[in-house]
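Structure first, then comments.
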Amino acid sequence: MSAPNIPATFGALLLGALFASTLSGISNLQTVNYYRSYRRDPLHIKALVFGVWLLDNVHTAFLWSGVWYYFVDNYGNPDKIDHIPWCIALIVILTALITVFVHCFLAHRIFLLSKRNLFMTIPVLVLTVFRLVCASVTTSKMLSYQSFELLKLYARWIFTLGLAVSSAVDVLIAGLLVYLFRSNRTELGRFNDVLDKLLLYGLESGSLTCVGTVISMLCWVIIPQNLIFLGLYFVIGKLYANSLFLTCEDPHGFIVRH
């Protein structure tokens, strides 16, 4: 194996871990603020927030366990950059679980806003489950191969497919919410200004998670010889968690509590 590009391997992992941890800290603050401010929320919303918060912090712990493996346990041994420790492999499934929780939450909102229209809701749920299947297979392959080179050689397609499906779900959800918000404008009268703000927020948060996922996927496909894709992938789960917490803290409560 040739000598690794340090900035594009170790550097990408370190920067990704630091930025992801910053977002995790923001998520912790959002969670505390949510439980203080919305004590009357339904139990299932509180359970969802707690579940995503827990997964987010486990994700952070595994992330830094991986960083410790590369930077401390194998300090001065750059050849180990090709090895996939178990904690890095499990980050894939943890990210998928966070993503699935957020997508299912939004699918439920779509179901209610569309007056229980299954034709709008089922495609979102099917793609969401398929994304989880892709992540499960990817995690299994990573634990089996324990090598990025082998993963790229034999299972590149499944990781790529998972990221592509996740991006597709983001676009689908954003499109459906835009349609439903605009359809409900005349029915809600005085809530129109609120809908405009929610529409803008939905587009911004959905586009942020989608862009992050697409960039990580492009780095994986175009420049797989380095780990820039992994540094970016560290952040994706945090973006989804933050988007959920921001939605639950919406002061108007239209998406969450209607």
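Cβ atoms are placed via backbone N, Cα and C, with glycine included.
Quick look at what TrEMBL annotates:
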- 6-26: transmembrane segment (TRANSMEM)
- 47-71: transmembrane segment (TRANSMEM)
- 83-106: transmembrane segment (TRANSMEM)
- 118-138: transmembrane segment (TRANSMEM)
- 158-181: transmembrane segment (TRANSMEM)
- 166-246: domain 'DUF6534' (DOMAIN)
- 201-223: transmembrane segment (TRANSMEM)
- 229-248: transmembrane segment (TRANSMEM)
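As a quick check, the transmembrane segment (6-26) and the transmembrane segment (229-248) clear the bar of 3 or more Cβ pairs under 8 A, pairs 6 or more apart, so the two touch. If you count C-beta pairs under 8 angstroms between the transmembrane segment (229-248) and each of 47-71, 118-138, 158-181, the highest count goes to 47-71.
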